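> One structure, pasted below without further comment.
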Amino acid sequence: MGVAGCGRPREARALLLLLLLLPPLLAAAVPPDRGLTNGPSEDVDECAQGLDDCHADALCQNTPTSYKCSCKPGYQGEGRQCEDMDECDNTLNGGCVHDCLNIPGNYRCTCFDGFMLAHDGHNCLDMDECLENNGGCQHICTNVIGSYECRCKEGFFLSDNQHTCIHRSEEGLSCMNKDHGCGHICKEAPRGSVACECRPGFELAKNQKDCILTCNHGNGGCQHSCEDTAEGPECSCHPRYRLHADGRSCLEQEGTVLEGTESNATSVADGDKRVKRRLLMETCAVNNGGCDRTCKDTSTGVHCSCPTGFTLQVDGKTCKDIDECQTRNGGCNHFCKNTVGSFDCSCKKGFKLLTDEKSCQDVDECSLERTCDHSCINHPGTFICACNPGYTLYSFTHCGDTNECSVNNGGCQQVCINTVGSYECQCHPGFKLHWNKKDCVEVKGFPPTSMTPRVSLHCGKSGGGDRCFLRCRSGIHLSSDVVTVRTSVTFKLNEGKCSLQKAKLSPEGLRPALPERHSSVKESFQYANLTCSPGKQVPGALGRLNAPKEMFITVEFERETYEKEVTASCNLSCVVKRTEKRLRKALRTLKRAAHREQFHLQLSGMDLDMAKTPSRVSGQHEETCGVGQGHEESQCVSCRAGTYYDGSQERCILCPNGTFQNEEGQVTCEPCPRPENLGSLKISEAWNVSDCGGLCQPGEYSANGFAPCQLCALGTFQPDVGRTSCLSCGGGLPTKHLGATSFQDCETRVQCSPGHFYNTTTHRCIRCPLGTYQPEFGKNNCVSCPGNTTTDFDGSTNITQCKNRKCGGELGDFTGYIESPNYPGNYPANSECTWTINPPPKRRILIVVPEIFLPIEDDCGDYLVMRKTSSSNSVTTYETCQTYERPIAFTSRSKKLWIQFKSNEGNSARGFQVPYVTYDEDYQELIEDIVRDGRLYASENHQEILKDKKLIKALFDVLAHPQNYFKYTAQESREMFPRSFIRLLRSKVSRFLRPYK
């Protein structure tokens, strides 16, 4: 059985008709009361019992012995036969000044394009198109009777579309030259000449340049009637009006009435007779009593009244619209637009109208899907997207990896390596990275004295095997000009997890049981790095992947060599080999201890073991946090930058003076490079090394990057802090002064404009290559576009010119969307995207185009088309090459859709994001009834619904899966949609489900 309302069984239809017809049939079948047959006969009301033979368009009036038929107002005849009266078929055209449309029993006046019907329902008034969106004109909009004209500012001329303006060219005779002389449209002709054309409704003058207005455009500028003559349009007025002195508009003549009355009556008695005669003639049954709206017959004649939103005029018959917006803005929060009989409130962009249809509420765009790639910050009426460190915002909402190495080599002195979300500096062989992570320091050999070890490994015999403790200290500064020995070991722990828990045994507790002579390993290191990675996931039941049951730990050690270790019999190379051999033995011991689960860590004074399972504190439900995490509102939160996790206090604390920490989730703070100079250090909670204080400022340098500092010499500059050298301007260029901080301080031979960089070899400005841009003057580099974006051309000046060429969208069986490349930024040139929507069986496609932005000045070089197949002859559902900010919804004319978007190398625009839904084809009639109803788009409030991503998602969810309707309560529905929208849908659905009610 089909969906209710889409078809009923024949038996059900018959039953329904029977129920509808049964009461009148039974009433007609009841015999008259026999008790009344002997009495006096009573009049039979033939009209009430349906025994008359009056025409369907006639009124039946009962009389004492019979009945009388009379045709309804608007019809003519003797009552048994009535035919429609054509009120338009007279010399007055029904009183209409433009077109008169006859309808059964009545008539209606309509106006030409560019006019609107006056409140009297007969006259036509000019519509000022310039009031809304400047008439679509780019520069100047001038209203004229029946139409409007776009004009351009000085130095521009009107393009062929008669709306946009193009800058004039001073060179050559062409359509780009201001002297082409065409009144309207200029077309390039062979041999370098031009040809003039006119807009529709105009004719080309004899001089083949000027354009003459005709009655076909804006009614020739006439308010009422227009007639074409050799001199142009000639205006005239309806008989009840006279022509104004301007020769175009019409004024109502004084004393003009539609009824024929004697104008020379002089006596009061004659006047009274006329009034009485007119009162007797006036009735609501004839021409609605002359009332505009509601008519009621009273003892003194007809009484006219007006519906809500109108006020009765002094003539007692005409209803005039009330402009509610004139009083307290109609109660609207933002905008009020008067309509005939009512008004509409609307909101500023970024706000939505609440269900009271007056109040405006900020739209929280950050609560919607796909608003921003990374972070979203909501503001009243708008929002801002932000990117994580190491990423750059492009196209308003997207984040792409920043190539830091493209600008001054990332600040690296030697090698810059870009990574996703970051970068790192590296040094050539024979150099080591300075503490500032940018400069490189030459390796000179080894220091004369040993440094305090930062890491110690202590292993001892315990229970027949080795037990190892790895202790990591903090507060030690690493030197960078020594020879080091590096080694590493990887071992596996079964049933392990990459998390730590408090150790049950500490080195202090073990020491009494491990005399010094029983120590198998006792080594110190300057650096250690531990990494943990889980093993492979194992397939489990039902094809699911179980969590790995093992983990792998890799420990990297770095040990420095010292002068005292070198002897006459063992040089530096010999010392390194001995050290490597000793370390390999130590690592074998460590590996055996780890396999026996006797490997322990001490980090920042906290003793830890590798955890088998996520541990919990005994007697508590609070989860034990991982390393570098503290509790915050019963949740484990990583300690933020500028703090570290203290194991003894079991909480995050601020880095003390003389230390810093620029990462989250750490168990120690790094020492500042000059801990002895505590007086110059910043207060606690230092986020990075630059907070340590005493650093050389931009334009300065020193051997270690700390004070005392020197100014950069002439011909050099330095934009960073804490550097050991300055950058050369190159090409022998001097600087304007000592202590220069940027290349812009270098005295170049020419200043390069944005989109260019200065080449210090040729001393010329070079255009930025594709994929780069430069927004500033006088730079010696171009910035790489973020992520996978590139530019349409070289010489780009702004990040907005970096565009992602990937075609956007997500295609699903039930819902999805298509999106122009780089949306919501401008799409790139020469794009070509193709999508195919192929819904499941017995489903159809509904598409909503909230808005689309395509440049109309490109002669349809950019377009979006939706067809059944790629063939240009296949059934086309939608095609456009223009901008439409008014939304539209439509169903596909074919069961599947082939969609293509193409752009040329000309102008670009924002493009589109078009959602779609597939629905059960049993609802086809209902969906088409809704989307084809003009009321869906009549008000701005309804239009905003089709632009609201949250509301469209809810509507599509129910259309795709009707059972999901029950996810939304009635209260939620009322809060989501305006009442007028709900009423529209309710009437459609009710008629669809109960067509026979």
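Using N, Cα and C of the backbone, Cβ positions are placed for all residues, glycine too.
Annotated disulfide bond per Swiss-Prot: C47-C60, C54-C69, C71-C82, C88-C100, C96-C109, C130-C141, C137-C150, C347-C360, C366-C376, C372-C385, C427-C440, C807-C833 (among others), in sequence order, evidence recorded as similarity to another entry. The feature domain 'EGF-like 1' is assigned by Swiss-Prot to 43-83, with sequence analysis given as support. The domain 'EGF-like 2' feature in Swiss-Prot is assigned to 84-125; the stated evidence is sequence analysis. The domain 'EGF-like 3' annotation in Swiss-Prot covers 126-162, and the record cites sequence analysis as its basis. If you look up Swiss-Prot, you'll see 401-441 marked as domain 'EGF-like 9'. Per Swiss-Prot, the feature region 'Interaction with the cholesterol-anchor of SHH' maps to 845-854; the stated evidence is experimental evidence. The annotation signal peptide is assigned in Swiss-Prot to 1-28.
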> Can you grab the distance from C100 (disulfide bond) over to C366 (disulfide bond)? Cα atoms, rounded to a whole Å.
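Spelling it out, the Cα of C100 (disulfide bond) and the Cα of C366 (disulfide bond) are 53 Å apart.
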> State the count of C-beta atoms found within 10 angstroms of the C-beta of C47 (disulfide bond), not counting that atom itself.
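So the Cβ neighbour count for C47 (disulfide bond) comes to 17.
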> Any idea what DSSP makes of C130 (disulfide bond), helix, strand or coil?
helix
> By a 10 A CB contact count over all chains shown, which of the disulfide-bonded residues listed here is most packed: C88, C96, C100, C372?
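It comes out as C96.
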> I'd like the Cβ neighbour count for C150 (disulfide bond), meaning other Cβ atoms within 10 Å of its Cβ, all protein chains included.
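There are 21 such Cβ atoms around C150 (disulfide bond).
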> Same chain, outside the domain 'EGF-like 3' (126-162) by at least 6, Cβ under 8 Å from its Cβ: which residues?
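Counting only partners 6 or more residues beyond its ends, the domain 'EGF-like 3' (126-162) has Cβ contacts under 8 Å with 112-116, 168, 178, 184-186, 199, 217-223, 248-249, 856-857.
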> Are any of C69, C88, C347, C427 (the disulfide-bonded residues) within 10 Å of C96 (disulfide bond) when you go C-alpha to C-alpha, and if so which?
C88
> Under the DSSP assignment, what numbers of helix, strand and coil residues are found in the domain 'EGF-like 2' (84-125)?
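When I sort the residues of the domain 'EGF-like 2' (84-125) into the three classes, I find 3 helix, 16 strand, 23 coil.
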> List only the single closest residue to C833 (disulfide bond), chosen from the disulfide-bonded residues C130, C141, C150, C385, C427 by CA-CA distance.
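Checking each of C130, C141, C150, C385, C427 against C833 (disulfide bond), the shortest Cα distance is to C385.
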> Cα of C347 (disulfide bond) to Cα of C109 (disulfide bond): how many Å, rounded?
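It is 34 Å, counting Cα to Cα.
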> In terms of DSSP three-state secondary structure, what is the assignment for C47 (disulfide bond)?
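The residue in question, C47 (disulfide bond), is helix (DSSP, three-state).
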> What's the number of neighbouring CB atoms sitting within 10 A of the CB on C366 (disulfide bond)?
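There are 15 of them.
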> Counting only residues 6+ away in sequence within the same chain, which have a CB under 8 Å from the CB of C427 (disulfide bond)?
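Sequence-distant Cβ neighbours: Q413, Q414, V415, L433, C440.
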> I'm trying to understand the geometry here, so how far is the Cα atom of C82 (disulfide bond) from the Cα atom of C141 (disulfide bond), in Å to the nearest whole number?
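Rounded to a whole number, the Cα-Cα distance is 52 Å.
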> Looking only at DSSP and grouping its letters into three states, which state does C366 (disulfide bond) belong to?
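SS state of C366 (disulfide bond) = helix.
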> With DSSP as the reference, give the number of residues of the domain 'EGF-like 9' (401-441) in helix, strand and coil.
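Each residue of the domain 'EGF-like 9' (401-441) counted once, the result is 7 helix, 16 strand, 18 coil.
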> Would you kindly give the Cα-Cα distance separating C141 (disulfide bond) and C376 (disulfide bond), rounded to the nearest Å?
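Between the Cα atoms of C376 (disulfide bond) and C141 (disulfide bond), the distance comes to 39 Å.
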